[in-house]
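S.K.: Look at Swiss-Prot and you will find ASP174 tagged as active site, proton acceptor, backed by sequence analysis. Per Swiss-Prot, the feature ATP binding site maps to LEU59, GLY60, LYS61, GLY62, THR63, TYR64, GLY65, LYS66, VAL67, LYS82; the stated evidence is sequence analysis. Sequence annotations record features per position, and here Swiss-Prot assigns compositional bias 'Pro residues' to 390-399. Residues or ranges marked as domain 'Protein kinase' by Swiss-Prot on the basis of sequence analysis: 53-318. The annotation region 'Disordered' is assigned in Swiss-Prot to 321-373, 390-412.
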Amino acid sequence: MSVGCPEPEPPRSLTCCGPGTAPGPGAGVPLLTEDMQALTLRTLAASDVTKHYELVRELGKGTYGKVDLVVYKGTGTKMALKFVNKSKTKLKNFLREVSITNSLSSSPFIIKVFDVVFETEDCYVFAQEYAPAGDLFDIIPPQVGLPEDTVKRCVQQLGLALDFMHGRQLVHRDIKPENVLLFDRECRRVKLADFGMTRRVGCRVKRVSGTIPYTAPEVCQAGRADGLAVDTGVDVWAFGVLIFCVLTGNFPWEAASGADAFFEEFVRWQRGRLPGLPSQWRRFTEPALRMFQRLLALEPERRGPAKEVFRFLKHELTSELRRRPSHRARKPPGDRPPAAGPLRLEAPGPLKRTVLTESGSGSRPAPPAVGSVPLPVPVPVPVPVPVPVPEPGLAPQGPPGRTDGRADKSKGQVVLATAIEICV
């Protein structure tokens, strides 16, 4: 089939290619291989997009592109259309993200994609289910944190999402509140999203550009030339930092490196060289501290699996000190306390949105951000109920014909992407 004069072919869903399936829960869902075969993208003009989709509002916008809430006119289905600027990402990276998300969609704790994949003149576009309550970052009161019952509901579901991914030998590599989507503000139903950096265990990747507070120490220390072999431990570490953030409304440190005094204090505690507790960790109970010691073990091989958090959720995680909101101002970056002396009980900084990119591969899609500073929001008041395990739902069915590859002169040419080598 040539691009200039393509032959018609029947509509098909975007599926993952490759022999075999992953064992365990969800068996039967094919996993992506390193060779993606003959995925097709249909080109739509702006007028064609508005013909099929009614714009409700813009959900987010950044240098990477934008996310729009739309209604597909054919069925009335609400969905989030993600427009990714072609200048900011490669086609193979876009297809990788869509394919991996699709392969994981059988989990009720991972965002689902619709059978909607196309391109415009400037963007690659795909559709995923709409999360009406935004993301987890939006509801965390800065320097206060969320109620413990809300946190436990969220952590339970994220642990199941990570266990599902890791059981298929896939590592998310960008776990943070911005990538956790909410269907209600009490976290009764949350889903993990944004798989643009996901890779298979053992895949060697370049060092990421810069670091964020969720980045594991071994990633911070990796050399730019050698890179790092992907391991589930980086997700477990980020999961531990995320739990700290949602409980406190603060970062535990700015970066997991020796230049950060708060991280160095934590390292001394982990190695048994600090009398007492690190200043930022005194609010936690003994069970919570044991949980953090496992999730945030300095050596990746000593970190427990993500699902290990479940046995700690039956305990109280924070003490009475947790209920006292912190009104301390952030210290300027150059005004840090000396590493040799005791640190005062103050936060290294309130939560802010973060972006991680692949080194040397151009900017990748980042989650939509309203701003670079946290927004004050009311604290949700949860109803005390046991941590729920949502029932698996049916995968969303999108409008047909988005990946059919059929020629239509009124809608531009058909672009074929064949035999793309992708490391996952």
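Cβ coordinates come from backbone N, Cα and C, glycine included.
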S.K.: Where ASP174 (active site, proton acceptor) and LYS61 (ATP binding site) are concerned, what is their Cα separation in Å, rounded?
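M.R.: Roughly 19 Å, rounded to the nearest whole number.
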S.K.: In the structure shown, which of the binding-site residues LEU59, LYS61, VAL67 has the fewest Cβ neighbours within 10 Å?
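M.R.: Fewest other Cβ atoms within 10 Å, among the binding-site residues LEU59, LYS61, VAL67, is found for LYS61.
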S.K.: Among the recorded positions THR63, GLY65, ASP174, whose Cβ has the fewest other Cβ atoms within 10 Å?
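M.R.: Each of the recorded positions THR63, GLY65, ASP174 was scored by Cβ atoms within 10 Å; lowest is THR63.
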S.K.: Mind looking up the mean pLDDT for the domain 'Protein kinase' (53-318) in the predicted model?
M.R.: 94
